[in-house]
Amino acid sequence: MRRRRSGAEGRTTAPEGRVDVRTVVVLGMLSMFGPLSLDLYLPVLPQLAGDLAASASQAQLTITACLVGLAVGQVVAGPLSDRFGRRRPLLVGLVAYVVASLACALAPGIVTLVAVRLVQGLAGAAGIVIARAVARDLASGRALLVLFSRLTLVNGLAPILAPVVGGQLARVTSWRGTFVVLTGLGVVLLLAGGLGLRETLPAGRRTAGGVGAALRGLGALLRDAGFTGVVLTSGLASASMFAYIAGATFVLQELHGLSPAQFSLVFGANAVGIVVLTQVGGALGRAGWPAQRLLATGLGLNVSGALLLLVAVVLDLPVAVLLVALFVMVASLGLVFPTATTLALAEHPERAGAASSLLGLGQFVLGGLVAPLVGLAGEGTAVPLGVVAASCSLAAVLVYGVVARPRMHRAPAAVMAGAAADQAAPPA
């Protein structure tokens, strides 16, 4: 992140001003694709495995397939949105998501379900990556961190509500009914995106030279070591959460006897922790805390929770200790995600779509890789969950300290506070 911009350039590439509440809500809804696609059916994952005669690892592949789709789809949708504007790629992805969700509900076997879950992830990626790119189009400096904090607040409703609703759905319908609900939610998001979001990337600011040039822009971003370090840091921290997503259902329900409704409440409480720390981070940012300090604080909490989780599962400590460890590990991401996103996108407004896609790629590819590892030792132990989560958290701290932070030390004291040449208007 060594390239710097003048204040004039910052104002040209990222119009500053108030972002209205409706836009924040629409962007938050679009960024819900990941939590909605992953969390809503977690309470019925054991039921799905039994109905399709699949093992725990095979059932968890439906999570992995969706994660991989979300990652790969972002790599495509981000550069395309830099080239063709935000609306067209977004609407195509929304329509495809609705079709794929309905196909999931009709899947006759585990192989088919894994395949259509991949398509569902590919389609849903457009909403996630383009929501971040639109945010970067609309804000910079302090306003950008505040906007990302508010998006995380709206987005935080998805992991709070999805498992709770999923647990209640499990009482009245099968896992197929859950995917029917996802189909309906996709229609709602299609209407929200189509009717409530204007084009934010004028033709004069779009990437020239066709799709190939847009994709080559990814290479330019990856050559920025500071940017790449932040992407890897965010991805590894995110992988600890995906280990939790993949393993918590079986660990808490099968090993510790929680009902689907109880599991939903635990999952929702952890999501509330994300929302609370997101708002704490936004308040500290407005008070002048450097982005690097906020990110380091979040990583410290993340690794502390993950190490406590490892100790709890190895020593077979009471479930209360396990729940505390999971809460600290997951809630810490409320500090990690907004600050990492702000740092990653702040220096590249002209490639906001591509930068957003690489940020998502790091999160979802690493998450997709670690999710199956949680179930490799079978359903009778929680140790793999602790080992995988702790390894990912420790790696995130290492990458941040060795790769990312040394290359950000000349950055402004607080990216989100805004330098004098990059002051944002007061948040809406």
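Cβ coordinates are placed from backbone N, Cα and C, and glycine is handled just like the others.
Annotations in TrEMBL come from automatic prediction, not curation.
Annotated domain 'Major facilitator superfamily (MFS) profile' per TrEMBL: 23-407, in sequence order.
Here TrEMBL flags 21-38 (among others) as transmembrane segment.
Residues 33-34, 37-38, 45-46, 48-49, 52, 89-90, 93, 110, 113-115, 117-126, 128-130, 133, 218, 242, 245-246, 353-358, 360-361, 363-365, 367-368, 371-372, 374-375 of the same chain sit 6 or more residues outside the transmembrane segment (58-78) yet have a Cβ under 8 Å from a Cβ within it. Among the features that TrEMBL reports, transmembrane segment is placed at 58-78 (among others).
The transmembrane segment annotation in TrEMBL covers 90-111 (among others).
According to TrEMBL, the transmembrane segment annotation covers 117-135 (among others).
The feature transmembrane segment is assigned by TrEMBL to 147-165 (among others).
Annotation comment: TrEMBL describes 177-197 (among others) as transmembrane segment.
For 225-251 (among others), the entry in TrEMBL reads transmembrane segment. Nonlocal intrachain contacts for the transmembrane segment (225-251), taken as residues 6+ away from its ends with a CB within less than 8 angstroms of a stretch CB, comprise 1-2, 38-39, 42-43, 45-46, 56, 60, 63-64, 67, 263, 266-267, 270, 295, 298-299, 302, 306, 313, 322, 326, 329-330, 332-333, 336-337, 340-341, 343-344, 347-348, 355, 358-359, 361-375, 379, 382, 384-385, 388-390, 392-393, 395-396, 399-400, 403-405, 407-408, 411.
If you look up TrEMBL, you'll see 263-282 (among others) marked as transmembrane segment.
Long-range Cβ contacts of the transmembrane segment (294-315) within its own chain (Cβ-Cβ under 8 Å, at least 6 residues beyond either end) map to 233, 237, 240, 251, 277, 281, 284-285, 321-322, 324-336, 339-340, 343, 381-383, 385-387, 389-390, 392-394, 396-397, 400, 405. For 294-315 (among others), the entry in TrEMBL reads transmembrane segment.
The transmembrane segment annotation in TrEMBL covers 321-346 (among others).
Annotated transmembrane segment per TrEMBL: 358-377 (among others), in sequence order. Here the transmembrane segment (358-377) has long-range neighbours at 34, 56-57, 60-61, 63-65, 67-68, 70-72, 74-75, 78, 121, 125, 128-129, 132, 218, 221-222, 227, 231-232, 234-236, 238-239, 241-243, 245-247, 250, 340-341, 344-345, 383-385, 388, 392, meaning same-chain residues at least 6 beyond its ends whose C-beta is under 8 angstroms from one of its own.
If you look up TrEMBL, you'll see 383-403 (among others) marked as transmembrane segment.
If you count C-beta pairs under 8 angstroms between the transmembrane segment (321-346) and each of 90-111, 263-282, 383-403, the highest count goes to 263-282. Beyond its flanks by at least six residues, the transmembrane segment (21-38) meets 63, 66-67, 70, 90, 97, 120-121, 124-125, 127-128, 130-132, 134-135, 138, 147, 150-151, 153-155, 157-159, 162, 182, 185, 188-189, 192-193, 196-197, 245, 364, 428 of its own chain at Cβ-Cβ distances under 8 Å. Long-range neighbours of the transmembrane segment (383-403) within the same chain, counting only residues 6 or more positions beyond its ends whose Cβ lies under 8 Å from a Cβ of the stretch, are 225, 228-230, 232-234, 236-237, 239-240, 243-244, 247-248, 251, 295-296, 299-300, 302-303, 305-307, 309-314, 329, 366, 370, 373-377.
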